[in-house]
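> One structure is given below, represented as structure tokens, and several questions about it will come after.
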Amino acid sequence: CMSLLENLFQCWSDGPPHSVQSLYPMELMPKAETKLYTQRWIMLLLFSFCSTSNALMWLQYGIISNIFMRFYSVDALAINWLSMIFMLTYVPLIVPGMWLMDVRGLREAMLIGAAFNCVGSWVKLGGVEPDLFPVAFFGQFVCSVAMVFILGVPPRLASLWFGEREVSTACSIGVLGNQLGIAIGFLVPPILVPNVEDLDELAGHIRVMFYITAGVATFLFILVIIVFQERPDIPPTQAQAAARLIPAESYSYTSSILCLLRNRPFILLIISYGLNVGCFYAVSTLLNQMIIKHYPGEEVNAGRIGLTIVIAGMVGSLICGIWLDRTKSYKQTTLAVYVMSLVGMLVYAFTLSLGHLWVVFITAGALGFFMTGYLPLGFEFAVELTYPESEGTSSGLLNCSAQVFGIIFTICQGKIIEHFGTLAGNLFLCAFLLIGTILTGFIRSDLLQIFTLNKNINASL
């Protein structure tokens, strides 16, 4: 036993394996057959496209909020709620959503998510009349239910289908799907829905946009039914092979959640993740209002600035995923990216009102590279802190925190911008990013990983 412990901790000193998955099963039990299937990329891409479609639904109204305010004769807060309903719905539904993914499986979660996304897109099409704002709101609500079953999928799908050295990269690509949808949501609506005076003509442009999104959502739903699989026949890693040996009846969903909520480093990550991603949600929702305030008539460029934020973030997400797969430096990378998110937000806040759009494009891109690049880092860091608990449960709790802070920040920043200007609103977010940076610095990942390793060794011995 002592020889085994010495060997394990010698390996640990050379660099901790991802969630102890690549070390623990191989040392303590015979190796099982593993295999990487080419279909893993099909599953990942199909999920990514579904996530893209759902994220596009989120921003269809907000990025051209001034146009929809005039079309429905409502105020800015009402249009903001068309985005915030996604965040509000997530909070009460995340527990049943996590339960379904853990107990019923990934395929059922994907089917339900794609179905709600499809139905919601057609309901929104039925609300394209100036007096049918409640129908549009209900359509957004239906699409927001889909997000509950889609947003937390990347770490779960990555662990079920991908090898030990691919997990972080696969998770990053899964998150990229959501970011691609946000990018399209920033770019396409201002192009398809110009700010014309005639309401009938405007309604025609809106219908074209909604017909396109509804058609894509329907096509993806059909593909999920036909193509998407729960998991490969042969597991991709020794950790997954060991997980399949655990009887389903021995898993307690309630105990898993309680265990996570007693995990102090994970609680710190929940709060810090919520602060960072909540700031991103607020900036995305209010971007049109901030740009129009300083650059009137620039709806299209507001969308392009949002696109710049997300594309830069997609690059950041991919780089961070590859970096994690190679280095496994979760704490250090997460803290560094968090600090740069704060710096990027400060620079963006002080340059937004300079009167030069090209400066805003540059600073917004820098902000997006780090703030959006943080998203997969949070997922992977959570898996590292909470192994062997379910990836779907940990990611669900992270996303729940992000939605709560997203609602709070969007409402508060919107009111601050209205009364005190954009600089005050952005500095409000900077203050919370500073708090999140400090909390991230207090996360003791190394001690928790050693504790988990010891617990697993003792249980096996």
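Backbone N, Cα and C define each Cβ position, glycine as well.
According to TrEMBL, the domain 'Major facilitator superfamily (MFS) profile' annotation covers 40-448. The transmembrane segment annotation in TrEMBL covers 41-61, 81-101, 132-155, 167-188, 208-228, 266-284, 304-323, 335-351, 357-377, 397-417, 423-443.
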> With pairs restricted to those 6 or more apart in sequence, evaluate whether the transmembrane segment (335-351) and the transmembrane segment (423-443) have 3+ C-beta pairs under 8 Å.
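Contact confirmed: at least 3 Cβ pairs fall under 8 Å.
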> Under 8 angstroms for C-beta pairs, at least 3 of them, ignoring pairs fewer than 6 apart in sequence. Is the transmembrane segment (397-417) in contact with the transmembrane segment (423-443) by that rule?
yes
> Thinking of Cβ pairs under 8 Å, which stretch from 41-61, 81-101, 167-188, 423-443 has the most of them with the transmembrane segment (357-377)?
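It is 167-188 that shares the most Cβ pairs under 8 Å with the transmembrane segment (357-377).
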> Residue list, the transmembrane segment (208-228) vs rest of chain: Cβ under 8 Å, 6 or more residues beyond ends.
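Same-chain contacts beyond the ends: 42-43, 46-47, 49-50, 53, 56-57, 60, 107, 110-111, 114-115, 117-118, 120-122, 124-125, 128, 188-189, 192-193.
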> Count the CB pairs under 8 A between the transmembrane segment (132-155) and each of 41-61, 167-188, 266-284, then give me the winner.
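Answer, by Cβ pair count: 41-61.
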> Please average pLDDT over the domain 'Major facilitator superfamily (MFS) profile' (40-448) for the predicted structure.
85
